[in-house]
């Protein structure tokens, strides 16, 4: 009897099952069962859910209607279903098989379908940006989970697995603990990168997404598992493929030529065609685009216009009419009503009525509504309305995918499918009117047929099974040409490979198995397991897998194997590792024959230890760049047919996970082996993502995980060129590692600012930019951001890589085809003067997260003083200061000075506190109250402004103390005054203490405005540095000494007789100074009081101590020892140390006085700019718009013009110069030996007065004055 493939499609409204003959592709049996599972939403949240139990029941009933004798000969099962939706269940209890022949749903949620509308546009915009070309819409699985996280987080706690409805059915059939999902369904959930076939784990983790609910992604065409129980006659152990998307399966069943476009109208509507094989989707989502690119088979894509309004619109129309008729007591069944509507429309060949049926909105335009246009008395019949509605469905779809777009894509035929199109002749008529291409309709063309047809086109399943029934794909893709389509064109459709069943073989004896297990039983993988060793290899314990035992017959017959002969002929992993490490090919003689006879392959798990293969071991043991065993191993693997699996095997240990043979060959700097591996199918995009390859506390080597990044970071330009331009598989420079870093980001990470390192980094960086621009002209590689939102330039700024940072800013290419990659454009040159235009993209602080803002806010960035002096940042800051920041700063200074004057006058003329708002009705009284109100408003401004500034900067404590020093002081100033005002209102005399503290602090804060002048600004910085470093440390040590010696003195001078005599007096007060009662005798404080003692010792510190109190003491010698020690440690040692430290701080700051002052001024400029309204900031924006005319065509950029003087280069070019017209002082003339950058000490105080005397000397010769450069 024939074998069959069972196809099941779990649709939105029905379940369809198909039995497809494996030999002839004929449909042997088919049944469709409606689910009737919709749940009415009464909450008003636009939820759209379906009853899971009813769906599962419909699946079982549909399968049960198929012939049982045919079901018993099913060889594989393929499921598809509605995409986007999400269903939650508990692992291991998601269903009940008590019926034995079928299962029922248990411990599951309801199915939240693709039609769910609870995620509003504002909610979707609040979600993180996905690393995918597909945007996230309402009804998508990840968006729904985010919605539950925000509104019902307790709901998610009840479940441990999630997937689409078809993924759930697969998991239940196979008894899987979790969920496996193909890229087709994963992409429909959102937050899935179809290029890398991986979830956006880092993005989701950063948003708090429950990662345990993410399904495991497996390739399309992979077996998910075996049925663990009979299912309506389908035998247990039948292979079940991972579920596919109903849309892709439907297209697959229809599209027989690449020039076909498929029109599917069922519940929804889609129009699609296949993109070329080399097509790559956009880098980022395009929510406003009506065309999406869905993953198809074999890493290809479909261009899709997917409308939410299809057959469901017609069904809604029928439901509406049925409801009206019920109200009129003239009921008709929906099917009868539908037939009458179609008949009326067939009698009405055309209609001028226009219906826009978008009652459900569209994903690219969720707020659009349905419309009816051109209504007249002549077109209100049911025939007019029905035909207009059918035409509206087509018009809406063709507006999303214009006919012209199909013609540009070379589409020569429209293939129609879908339940709505099959049942509706009017809809078919409108289809033929809407398209210029011929239209054909497929029989048995739907997703229920598509998945079995796809499985039938494959060769076999490749699978290995472990003890927990986890299935690992190990297949190799083969292609099978399709038959010629109806257009009789020689078009071959590329297919994936087939379900079959492949097992590893195992020829080990029981003794060998037990010996290997015993050797590893007590050893677990170390957290830092060695990558390789020349000594005894630490082998991984063999994991339990289902293998075919080649010695089972000998055991049955009682034949004992000849161990001596066996050991000489057997190649186990230890023998292979030893042979390749010795680089002796003779030790591998007979390897191919052994593997072939025992049906083994070098990619088998028995030849791997923590994922390391003999090929990796051989590459780790090169001598003079060669190991002849490498070529032999690759040759044997190629002859055995597992070459791709062999060369792409990767480490599985957590420490070195993902490293492949290609990574090792690159690290060993062997370009010959790199070329060999790539030519044999090595994956040039494999990621070494283990802990060793990521930054952490222990020693590590981070290079960006990808082979291209490794080659770039190890300065192998020839390998970089080969990987990017080879004929086999070109490395894509835009691909990122697990941290979102591209190869350019990786180069920034390894830069260390040394001259040699900077040279090779910049050369490789520029080479990759040029090559990428030549291969992918539209790709802007430098604009790609990592997961922290940093481009390579921003990362260089944030990490203080000044060498690479300056190079990027000043990069200039002269060739016409690469000039658009420049950031600096020389405008004109005359003598030593050159005028350049610098690209301001991402630099100017007018933009969000600009480079300038990163540098100014990053107090922990090394070299940020020097980086801010790099052009064009230095000149740009000067221009901002002159254009708006300087004048505004001066105005702020005048207002603050007026505030201080008012505050001082109010404080000096304070009134006696009688009532909170006591007012004298005269001029002085009015002025006094007005001053108080002005002071209150000003200090509220300081208080709130300080909070806003600190929240905006969000610094660490160390950063806050450095860059937020004055913000803290102004905040404290406002807080003191507001507290004082509150106490004043409450009539408390204590208000005066807070007010005078605020007044003193207000005058101290006047130093903030000293940063407008270079000399006074440096003086203010010195004070700040000394307070925060030297004085704080001094005070800590001094307080320790003070309290320590105070406690010692108090303990020494306790007089027992005095203590007894005054016991009554000191009750309740201890040994601290306190007020006495009225009837108590006034006592003079003594050194037995710790507060008084501390005060007296402080006086000794400043030379004001009194020693007369010791005249009557009994322990004078000990006291003098303590006092002398105290004076030596504090007055002599600590004070002199403080002076020395402060002197060192002054010298250190003086060395960088100019840079520090410019940094302080930069912080002020940025703070003032951020306070300006947006339109004012745009008006004061630096630079000019320039049309550069590069290879990009109309290349318009905002550039900043800088005129620079370079006497060094000018003198070198001239050779020998007798006179330099720009140098009036020959001693100050720069020479070729003069370093370009000297430590800038700025202008000292002594120089300030010397400069004043120099101003009396005038130099009239303009020829001898230095040429100044100013930004324009």
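Any Cβ shown, glycine's included, is placed from N, Cα and C.
According to TrEMBL, the protein carries these features:
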type	residues	note
DOMAIN	4-250	domain 'Carbohydrate kinase FGGY N-terminal'
DOMAIN	968-1152	domain 'Ion transport'
REGION	503-534	region 'Disordered'
REPEAT	657-689	repeat 'ANK'
TRANSMEM	884-906	transmembrane segment
TRANSMEM	926-944	transmembrane segment
TRANSMEM	965-985	transmembrane segment
TRANSMEM	991-1010	transmembrane segment
TRANSMEM	1031-1054	transmembrane segment
TRANSMEM	1118-1141	transmembrane segment
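Across 884-906, 965-985, 991-1010, 1118-1141, stretch 965-985 shows the highest tally of CB pairs under 8 A with the transmembrane segment (926-944). Comparing 884-906, 965-985, 1031-1054, 1118-1141 for CB pairs under 8 angstroms to the transmembrane segment (991-1010), the maximum falls on 965-985. Non-local neighbours of the transmembrane segment (1118-1141) in the same chain are 1029-1031, 1033-1034, 1037-1038, 1041-1042, 1045, 1048-1049, 1052-1053, 1097, 1100-1103, 1107, 1110; each lies 6+ residues outside the stretch with a CB under 8 Å from one of its CB atoms. Assigned with DSSP, the residues of the repeat 'ANK' (657-689) fall into helix, strand and coil as follows: 16 helix, 1 strand, 16 coil. With a cut-off of 8 Å between Cβ atoms, the residues of this chain six or more beyond the repeat 'ANK' (657-689) that come close are 196, 531, 611, 613, 615-616, 619-620, 622, 625, 630-631, 634, 638, 643-644, 647-651, 705-708, 710-711, 714, 716, 718-719, 722-723, 726, 728-732, 735, 737-738. Looking at the domain 'Carbohydrate kinase FGGY N-terminal' (4-250) alone, the prediction's average pLDDT is 89.
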